[in-house]
Amino acid sequence: MPADKTHQRAAQILERTGPDLPADAVMREMFSTWKRGTPAEKRAVARAVFAHSRWQGWLDADDPMIKQIAAALTHQRQFDQDPESYRTDDLAAHAVPAWVHDQIDFTPAELRALQTEPVLWIRARSNHTLDTAKTLKPSEPAPAPADTTGFRYLGTDDLYRTPGFKKGHFEIQDLGSQLIGHACAPQPGETWWDTCCGEGGKTLHLADLMQGKGLIWASDRSNRRLARLKQRTARAEVFNYRAINWNGGEYPPTKTKFDGILIDAPCSGVGTWRRNPHARWTTSLTDVHELAVIQRQLLTNVANSLKPGGRLIYAVCTTTRSETTAVADAFTTAHPELEPLSLLDRGPQVFLKPAEWNANGMFLAGWKRASNQ
């Protein structure tokens, strides 16, 4: 597709976006009705849309949208060729909103990672690792501890249309999310609670790590997301779970005591700003503070559901102080009966940075109830 046509379609998407209508949602809607669009054409439009959000701080808002898109793509090409040509001070001033610097101390490498286009990570089902590696080429293994089933896909195929995906042989899952599952380290036969399961990406990973043995309670406040979870588990032939609606309130949905609880809590999503650059300009400091209150309450509400010896894992795809160390430290102080638990051999509080892992930014914290309590 000619560049001007790509820019026109990207402009149509961007002109419809707003705080309550993110670019990726508009894009999905447009692509679903663009029947003649090839995968390559859709990738080009998506690249233009995300480049505009990624380089918005350098653009003249008074210019026509198509001109802004062309300028953004020029910035992306220049950055890809020579990242050091963009000064760290300029990246700090223009790549992120000003308020975030009070929450995150970005290193030069982290600022440059934000301006790098994201990579695609997949997780092979444990009994389909070899055939997935052979089929999805080119690819390369993920770093440890995700190296046994995680891969970075380097090709251009639409993976959702591949036979392996349709048969449930692999999941498209960011490496940061995969590392959460490895931090939980559930064992076959255990009982786990995925409290904010969303559409079930981590539920599926927990089930695979448990080799289909044991039970996972998967809860979410959205029936739509729970319906999507049921579709995904059916495709993957995962059956050792129970799905239930829970709004995060004071009373858990079951009196069951758990070997492990995962709280993948609602958060500001700052750690996903490389993959979702539009959110840089729609997320506010108020959002961060309001979500931190919810996160602290979620931890409090589930703590009593741990068995003696049970593990509690807190995870957020953000790296703001208010939602990470502040939440974890406050919970540790309020719950002396829970001991901090080292995760991924990195201590009880772990930051996963995009510059190190080439993935979404994440924060993890862990605790363990004493065996005699």
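Glycine residues also receive a Cβ, built from the backbone N, Cα and C atoms like all the rest.
The annotation active site, nucleophile is assigned in TrEMBL to C317. What TrEMBL records for D220, D264 is S-adenosyl-L-methionine binding site. Among the features that TrEMBL reports, domain 'SAM-dependent MTase RsmB/NOP-type' is placed at 97-370.
Here the features listed in TrEMBL are painted onto the structure.
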residue : record                               : DSSP class
D220    : S-adenosyl-L-methionine binding site : strand
D264    : S-adenosyl-L-methionine binding site : strand
C317    : active site, nucleophile             : coil
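Taking CA atoms as the reference points, D220 (S-adenosyl-L-methionine binding site) and the residue listed as 'active site, nucleophile' are 17 Å apart. All chains included, 26 other C-beta atoms sit within 10 angstroms of the C-beta of the residue listed as 'active site, nucleophile'. Note: D264 (S-adenosyl-L-methionine binding site) has non-local neighbours I180, D194, T195, C196, C197, G198, K202, A315, V316, i.e. same-chain residues 6+ apart with C-beta under 8 A of its own C-beta. In the structure as shown, the Cβ atom of D220 (S-adenosyl-L-methionine binding site) sits within 10 Å of 24 other Cβ atoms.
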